[in-house]
Each structure stands twice: as structure tokens, then as C-alpha cells.
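Trainee: If you scroll down you'll find the structure; I have some questions about it.
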There are 2 protein chains.
Amino acid sequence: MNERSVSRRRAIALAGVGVAGIAGAAAVGGALARGAARDEGGSAVEGAIAFTGAHQAGIVTPAQDRLHFVAFDVITKDRERLVRMLKDWTAAAARMTAGRDAGEIGAVNGMPEAPPDDTGEALGLPPSGLTLTVGFGPTLFRDAGGRDRFGIAAKRPAALADLPHFPGDVLDAALSGGDLCVQACANDPQVAVHAVRNLARIGMGVVSVRWSQLGFGRTSSTSRTQATPRNLFGFKDGTANLKAEEADLIEEHVWARPGDGPEWMTGGSYLVTRKIRMIIETWDRSPLSEQEAIVGRHKGTGAPLGKADEFEEPDVPSLPETSHVRLVHPDSNNGARMLRRGYNYVDGSDGLGRLDAGLFFMAYQRDPRKQFVPVQLNMSRRDDMNEYLKPVSLGLFACPPGVSGPDDYWGKTLFA
Amino acid sequence: MNERSVSRRRAIALAGVGVAGIAGAAAVGGALARGAARDEGGSAVEGAIAFTGAHQAGIVTPAQDRLHFVAFDVITKDRERLVRMLKDWTAAAARMTAGRDAGEIGAVNGMPEAPPDDTGEALGLPPSGLTLTVGFGPTLFRDAGGRDRFGIAAKRPAALADLPHFPGDVLDAALSGGDLCVQACANDPQVAVHAVRNLARIGMGVVSVRWSQLGFGRTSSTSRTQATPRNLFGFKDGTANLKAEEADLIEEHVWARPGDGPEWMTGGSYLVTRKIRMIIETWDRSPLSEQEAIVGRHKGTGAPLGKADEFEEPDVPSLPETSHVRLVHPDSNNGARMLRRGYNYVDGSDGLGRLDAGLFFMAYQRDPRKQFVPVQLNMSRRDDMNEYLKPVSLGLFACPPGVSGPDDYWGKTLFA
């Protein structure tokens, strides 16, 4: 079912799901609730994307314009504290994606001297299409020393195998990996930042921010309703991406199925993240003809080389052998496809007179061993674009299926 | 005159103003021009803010939602090259603020092997309210060794005096100062980033990026038409800011006047920038009552303490002596006021489990010696908020008056 379907916008009466310190339904509609609150009857809120469903929102949801992605280290050894935090996160996520605060701003439970249960910077802002998507990294199952940290090592999916080294990668370990991740996407960055910050606040003592990335412009379309955006090389990107409307392809390439691996991941998806710095100053000095040969598309129209329209099928054998479009095309990769969901980023400058800018690549898939890994190896070894790329961060996360309702929480299929 | 006035949206036929490598009017309206081009008769473009005028746009212009700010070092010793770049920048800025590309994407002047004169990532995007505002730092006039670099030392305004040290500042020199700055504001960050990147590209060999900052949410209103936004402390900020509609106050506090200093700055304004990291995790653990006492406002409504409505005048003597609102109020500063134009930022995380987030403060004024400096000294010494703030960057720039038309360029009053 399509994430945007109005029929999915059901009531999210999650308040009270084992939530300590998160205000319940009583706070809804109060003077401090941001935007129009979802009413008691569960009517839809303008601009809100349903939080519950068979799959997590934020995957096939048409890509919002802004990203705040965060990876956490779990700093507790206490499984119960971790599970309690996941329940608290779920309740807060249900509230925030519906355009509400994470918890009460004012006096909580008659304790006027308590810190507010919402940080406040999104008060008055609409839901802005916020989605929050959670994922579990390999290190949550077993740490670097091989210890089964939370009694879930046996449930680690084979598809969550450690990724190989890709030629050309210069990874910063502090910017890679993570035990947990949350992808916050919204059309207003303040709403995405607010959500991540409040989850970090709720997780105090249980998790610690490992790395975090803001993205300012989506680089892929995930729906036929969206125009194809441009990446920082100035080219249309994601023209041939999987689209939410392609239900059969989404089933085949995105969602883990029964029998694929452990049952708890059925309906989930595997996320690969990759921060790729682009050497844009060098790219900007290269001739247009060279840029187009490297990409395999025309810069202006976005059409495959030799074609006139963006959406024409490329004539793969006629493209330069080391062109990006040819190397990542399913025909060059045993039919492997992914749902890409990346964002442009600029992180200021690098102290050498250059902008520190590039692509924060994200791709969802059914099994990275058959999708991301072979495509990336093909690209790392041969793509002419590599001359202008410097991959600095890599992450892999198992994103569980969606939350079904008030008694469910992020990761219940794994922990319960 | 108001920057938004339709009557100001005149033709900007700047093409050919000493522009080497920037395509002229012939490229306008071509298949690659982004958005609707300004027509030959000079009719307004939807969503475009006029580039020409007595004052630079981007100062009293109602604050757009997104920022890309960049400070440059000038790396040439050649005054003529610097002036030529300022002319090229002016022409490109006029094009980009009108929703066009910085120059031709395709073959330029019959040279198919030349790099494109626009990087392409904003193709197809509307003008998005883009404004580009230039400023000159103290070091442009005289370098650290005291040398008159470009024959303009005698024209350095007294108001562009080096700023004093402010208690509590822990400035990173690499993130402070700069010979030139450009403030790019837009409602689409991709448009702001595109503009800065193309100016950097045009300036290759003349300037080098010193530091650069993205901001994702404005923290001040500069017009009565705008709702007051919230900063990352979750409080409404800039309620009492100068507003574009307050013409007399703007004249008194923002624009340099004849007799204030060197004639070339008449109609210009002085910009102070300040990157202030907020220790949000500590703030988030402090009680609501304490937060409100520190700020001097109620968190929910934004009203001054003891008042019900955001726009009520605070009863200054009744506020806590070390509250922020009291310390920065004109009554506490000999009537000094500034036009604040800051943005929230998140630069990822700090490696210690915390988000690297805060405020990129920008304030425009007639004379920093009488406005920013005394207010900041007052605040640095006494404001209880300092416990949660870590100022890491400081900049001061003289922003010249606006560009009047095709024969004018950024800095002509200084260099011609």
C-alpha cells in the first residue's frame, strides 16, 4: 500500500505505551501543541504522514526535501533500559510525526521544576511531512569484541553482514557505523532537527550521538509524482530509481520477505548510508563533454547520452564503458536495483579554500549482499566518476517492519 | 523604500559589465535557463527579489528561511584582478537572483571543450527569493602586517574598527574574519548553495574560501509580515527586532549616512557575524522556570515574563537583572538597536555524543562601535545565558550600498 494513501492516516493513540515522562493524550490540543493536533477520533492532520503501517514510513514515502540523519552508540548494558527507550522513542515519534510536541512543554505531572518534555523549537510548525525511520546496526547484535550485548546475537540477519572494503574508500570510523540510526525526513529542516534532538534527549544515559548529518536537497525521486532533482555535480540523479508506485518492483527489491532471514525482519528493509565528498572545484573545471561522458547523461535535459528525453531508456551497450549510468544499470548488475534516497550536503569548508560538500547516499534494499555490495564493487573499481569522489563514511542498518498500533514499538519483533 | 516593493523590480540588464566568461543576454530564455527568465522588457520574475537599489538586498528583505554564508580570503595581490572579479560577481549575482544560471551551461563562445559557466544544480529551480549581499572585512584594507594591499587603506571606515575581545569567547581564527563575505539567503537551500558555489568558481585564483556556514531556520523576523521563529533553545527570538516597515528606525540604526564616515559607505551597513554554539543537552536538562528566567520570556507564548502576549512591551525593571531580554533591551544600552538576521545551524555532532548546534548570529547596523560592541560587552559580562553558549567565530564586514544599474558593480564606490 502506498504511504501517501489517506486511508492509512489512522489514529495513533500511542500515548501510554510504557512511556515514562512523555505526556499522554491529555496534552493534545493544549495551547502548546504544535500545528493542528490529530483529533481524538483519529482524523488526519494536514501535512502529516501516517506513522503506523506494515512498513516503516520514510522509505517509499515520496522523498521529503530535508534530512537529519543520526547514528547512536548504545551506552547502557541494560537490555530493559534499551527496550524502554525504544518504547519511549516510538511514542514520541508517533506524536512528532503527527505534528505534536514530543511531550509537554510545561509542568509535567505537577512537577513545575522538571525540564520540559519537548525542547520547543518546533512549536507552531506544521507536521511538514515528518517521517522517522529507525534501524539497527551490526554492532547492536555483537560488539567488536564478539560479545552478545543484549541477547540478540542469534537474531542477527545474514544480510546484515559486515560490508567489504570498497576501493577508494577513506572512511572515518567516527563518522561510520552505529548501533542504532534514525532517519528524520521533513520538508522543514527545523522539524527534522527537532525530532532528532528530542529522541537524543529522551535517550540520555542509554544512547550517545555517534555521528549526525544534515542534508538539504533530496537527490532522488521515490515517486512518479516528483520531478527529478539535481545533485551537486549539476546532473539529474535518480531518474531510474525505484518508485513507490512500482509495487511489484518494491516488493521484489526493497522489503525483506518471509524466508529471507530471521522472521523479525519480514516487512523491513536494509539501509546502506554513505557520505561521499565531491571534489566540486575540480569537477567545475572539467569540460561539459567530459562531465557528460562520465555520467552517461546530458547535463541540461538529463536524457541518457544520445537520447532526447530524460525518461528514455539508455542504450546501455552504446554508453562509455566506465560511465556511471552504465556501471550502475541493472543490466550491468544481474538486475540488482535499490531504492535510493540520498541528499546533498554542505558542511562548511575544508580549511583548504574548498567547500566541504557532496552526497549523503542512502539506499534501501532487500539484501545488501545481492544489491548494494556488487553494484558498489563494480562502481568502485571502474567508474570514471571516482576521480571526483571521496567516500568518508559508511553505515549499514536493519530497519525493522512498521509499528502496527498502540501496543507495538520500534524493534518489538526483535526484542519481545 | 521597501525591498519587496514591486516597483523596484526593474530590468537588470547587467550582461556585459566587463564580464569575461559569463554568458550575456543571449543565453536568457534558452532551454537551460532556470525558472522563468526576466523578459527583455524587464518584467518581474515570480519569486525574485530585485538586485539593484539604493541599498543591497538581503538586509531589510524579509528574512528568507535558509542561509549559506561564506567568507573569502583574497589571494591575489593584483587590484585589477580583484576589481574584475567583483564585476563578474555582480553580473552573476544579478542573473542568479533573477532565477537564471550564473552563465551558460553549454558551449561558451563556440568553445565546446570549455567547462560550463554554471554548475547546474539549480537548473529548473525558481528564484526562491535569493538575495546575495557582499561585505568587505578589515583585512581587505590593511593586512595583518599593516600593508595597504589594494590602495584602499585610507578609505577604511573608523566604524570598521577591530572588535574587542568579549569575555567567554573561544574563537577559532580559521572560522573568523575574512577579506570578503557573501551572504546568500533563499527559501531553497539548493539555490543559496548554488549561488555561493558559483561565486567561488568565478573567483578561482582571486579568492579562496576561508569559512562557510549553512543555516537552516531564520531566528529573527525582519518584517511585520513574518511570524516570530524559534531558536534552538526553543524560545521565540527577535520579537523586538527592527522591522523593514519601521522606516525611521531603519534609517537611524541600519544605514550609514553622509558624514558618518567615508562617503563610499553611505547607504551601506556594517555586518557582525558570530557563530555561537549552544550547549543544548545541558539546556534541555534545566527546568522550564530557569529557562524562562534566563531568557526573560515565557517559552510557550513568547510573551515577556509577567505578560500574556508576545508583542507586549517587557516591564524591563521587573525582569531578572541578568536575563537576556533585559540585558539586550535598548533601555539597557543607551537606545542601541540592530537589525538581527540570524539562523539556526546543526553541523553534525562533536565526537562527544552531542549535536554541534547553535545560532549563526548576524546583525546589521550603522556603527558597531555604538551598537554591537556595547550590547555584546553588556551581555558577555552578565547574561546568565552564557553558561549555555560557546561563541566560536566572529566576523565584521562593511557592506557597501546597493548596485544602481548596469554600469555599477559591488564595491564601485570603494574602488572606482
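Glycine is no exception: its Cβ is also placed from the backbone N, Cα and C atoms.
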Trainee: Which is it, of B:110-130, B:299-319, B:320-340, that TrEMBL names as region 'Disordered'?
Mentor: B:299-319
Trainee: With DSSP as the reference, give the number of residues of the region 'Disordered' (B:299-319) in helix, strand and coil.
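Mentor: Taking the region 'Disordered' (B:299-319) as a whole: 3 helix, 1 strand, 17 coil.
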Trainee: Are there residues at least six beyond either end of the region 'Disordered' (B:299-319) with Cβ under 8 Å to its Cβ atoms? List them, or say none.
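Mentor: Residues packing against the region 'Disordered' (B:299-319) from afar: 228, 234-236, 239, 288, 291-293, 325-326, 329, 331-332.
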Trainee: Do you know the mean pLDDT across the domain 'Dyp-type peroxidase N-terminal' (B:56-216)?
Mentor: 94
